[in-house]
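Reading through the structure tokens given below for one structure.
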Amino acid sequence: MGEINQVAVEKYLEENPQFAKEYFDRKLRVEVLGEIFKNSQVPVQSSMSFSELTQVEESALCLELLWTVQEEGGTPEQGVHRALQRLAHLLQADRCSMFLCRSRNGIPEVASRLLDVTPTSKFEDNLVGPDKEVVFPLDIGIVGWAAHTKKTHNVPDVKKNSHFSDFMDKQTGYVTKNLLATPIVVGKEVLAVIMAVNKVNASEFSKQDEEVFSKYLNFVSIILRLHHTSYMYNIESRRSQILMWSANKVFEELTDVERQFHKALYTVRSYLNCERYSIGLLDMTKEKEFYDEWPIKLGEVEPYKGPKTPDGREVNFYKIIDYILHGKEEIKVIPTPPADHWTLISGLPTYVAENGFICNMMNAPADEYFTFQKGPVDETGWVIKNVLSLPIVNKKEDIVGVATFYNRKDGKPFDEHDEYITETLTQFLGWSLLNTDTYDKMNKLENRKDIAQEMLMNQTKATPEEIKSILKFQEKLNVDVIDDCEEKQLVAILKEDLPDPRSAELYEFRFSDFPLTEHGLIKCGIRLFFEINVVEKFKVPVEVLTRWMYTVRKGYRAVTYHNWRHGFNVGQTMFTLLMTGRLKKYYTDLEAFAMLAAAFCHDIDHRGTNNLYQMKSTSPLARLHGSSILERHHLEYSKTLLQDESLNIFQNLNKRQFETVIHLFEVAIIATDLALYFKKRTMFQKIVDACEQMQTEEEAIKYVTVDPTKKEIIMAMMMTACDLSAITKPWEVQSQVALMVANEFWEQGDLERTVLQQQPIPMMDRNKRDELPKLQVGFIDFVCTFVYKEFSRFHKEITPMLSGLQNNRVEWKSLADEYDAKMKVIEEEAKKQEGGAEKAAEDSGGGDDKKSKTCLML
């Protein structure tokens, strides 16, 4: 073969272009050129400079990255990883990294996503999983500072830079000398920070490196922008779906908050991007009932010292609804959840309810402030990783519940966009409560209207003619208009016509209303107010007092037992306890005035049926009042009367005195609910025990009077003693009253059987009337004995009530024993007859040959 020279080679290549193309493609690839310049020992005879070769590399890499950008199916991290590999090669950097920027709880932060990328490293080795992220705020490190300033930072010597943090170096053992960091910015939002670390064969990155770095990161920016745009589209799409479906469901349900929340939350579950979420509903009670505060005021129960909502309510989750979306979908409802339930034990829902903050936590089990359960929370084996908790706030800015979301489906921690979506949902749910609140208010107004109409149709206040029948000013003063009379004249006329309290036995515990007419009882009631000296002291106009008393009488319906006679008897017993029983010494004249008036009103407008019947029949009263239904109605009726100036016997009191009267009305009338009796009797017993140990009467009076709570407890028990006082009357009175009570119960039982289609309890079953004595003995033993036994210990003057009770028990026990003996004889006779019939059947059956009871053998 001849000698090969340059001219021959050029001629051959020109004549064979295909060969030339394949040859140069093979020999002048980017990697080969790079290796030539990296290896200084390889001799290269060429006029092409390093910069020219770098431009060749850049052009080839740009083409490769363009293909990467348009590839489908890959993750953005994969595209960025390829770019960082090439960038590390071009810049001669030891390694490159990417930190993503995000916000949690309103605080921006950066999190490692790709770490230590080299030209030859694998994607799987560089990708940082959600559970291994290194997260730090923007005020730590040069990366955070680059995200904060949104500028490129070329740091020749990190030790001389005040923003440098050696946290990562300490974690990895790597030594950072110099670095180049650039943020990827979209508008005003920083998506990520790209960092090149430690220039190889040089002490720092040059200006030319910065230019290449900036130019090359345009491709990274495009990749991240595309991903960000897609992600934001997904966010807005999910948000719009949540709003649309929530609006659809909350307007389907207006009557119940729990059902309203459940419908909305269950419908939008697929758009929430989490494995599980729970809703904790808060008790909205702002003030305790007075009888629940008594143990606290007496020092028997420690005051509540736990967390409270911003509006002052105790943080009490009365129900938790747990939505499980991983594995098999399931919904768990936990009424009255215990404090150690896994959703509450961490303390996070309580913290959110107390402060109203949004709490977004990554790696929740490692948190030091909240104690999340580190292992599986239930039988499914599911564990908590990341948590996002938000308050549900209504239009009044009251926190009504707490929504907590667990474990984002892609394993990443919840970010600001998840906060945005869930906050949209919880805000909408909170605002939608306006619908249920409005519906509830309208419903209550409708019920109040129905009740008011019923009251007006059934009762009206006393007419002028009815007042004249008691206050006989026309007859005695020959005056046609009462306004023409002086108050002193009216007082004299009224007192003259009122019965004598001694002859009417108004001071006696044995008082019986049977000899008196209902009209006469009105006069007796007025007399009692004069006897406690409140008419003159509080300047009560006698016309108003007469009208009020007559109207109260008309307010009682003509039912079998809970009628005006019962109302008067309770008022008379209250008077007797105060005066004859000497309990008045614990109360002021104003308090005694209010107690006596409340006693007369305590059962006004009673319907002859109890609270349970109101609930069973879903009456307007039951829909209006949640507890102590009838008692609250009696209270509202009484307060309604006082709103009419012509009926307001307290019209001359000042504002503070009137508020005291209304409060005492509330305590006294609500206390007649026997369902509350067992709550208050132990507290009363302790007061009696304490007074028994005291040496003087003055000491006992001081012990009671200095504490308003003790006075209220005694007053509440006095109302119970008054309400049950018929059981202490002489036998000839008590036996008749008991039959009236029983008849009213039987009438309710008839209603339950016919109207409600339900079987009444034995006490209200007319078919079991013969068991009345036995029921009376049980009622005396279980309910009544304690009341009068304790009052007899408290004040010996009240012993006649206990004696009357014990005498009546003997009578009822005797009747009960007679009934039991009679029933025993009947049962024995029935057994004898049954035994005789069986023996006769055996005799007629021919020995052991038994006949079938269902078949006839022919």
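Backbone N, Cα and C atoms are what each Cβ position is placed from, and that goes for glycine too.
Swiss-Prot lists Ser97, Asp116, Asp169, Lys170, Gln171, Thr172, Thr176 with the feature 3',5'-cyclic GMP binding site. The divalent metal cation 1 binding site annotation in Swiss-Prot covers His566, His602, Asp603, Asp723. The divalent metal cation 2 binding site annotation in Swiss-Prot covers Asp603. Marked as compositional bias 'Basic and acidic residues' by Swiss-Prot: 830-852. Residues or ranges marked as domain 'GAF 1' in Swiss-Prot: 75-224. As annotated by Swiss-Prot, region 'Disordered' applies to 830-858.
Structure with Swiss-Prot features highlighted.
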residue	record	CB count, 10 Å
Ser97	3',5'-cyclic GMP binding site	22
Asp116	3',5'-cyclic GMP binding site	18
Asp169	3',5'-cyclic GMP binding site	13
Lys170	3',5'-cyclic GMP binding site	9
Gln171	3',5'-cyclic GMP binding site	9
Thr172	3',5'-cyclic GMP binding site	12
Thr176	3',5'-cyclic GMP binding site	20
His602	divalent metal cation 1 binding site	27
Asp603	divalent metal cation 1 binding site	26
Asp723	divalent metal cation 1 binding site	22
For the divalent metal cation 1 site built from His566, His602, Asp603, Asp723, further residues of that chain with CB within 8 A of the site's CB center: His562, Gly567, Val570, Ala599, His606, Thr672, Cys722
DSSP residue counts for the domain 'GAF 1' (75-224), split into helix, strand and coil: 59 helix, 49 strand, 42 coil
DSSP-derived class (H/G/I helix, E/B strand, else coil) of His566 (divalent metal cation 1 binding site): helix
Farthest-apart CA atoms of Ser97, Asp116, Asp169, Lys170, Gln171, Thr172, Thr176, residues recorded for 3',5'-cyclic GMP, distance in Å: 17
Segment-level pLDDT (mean, integer) for the domain 'GAF 1' (75-224): 89
Neighbour count (Cβ, 10 Å) for His566 (divalent metal cation 1 binding site): 24
Helix, strand or coil at His602 (divalent metal cation 1 binding site) [DSSP, three-state]: coil
Distance from Thr172 (3',5'-cyclic GMP binding site) back to His602 (divalent metal cation 1 binding site), taken between C-alpha atoms, in Å: 80
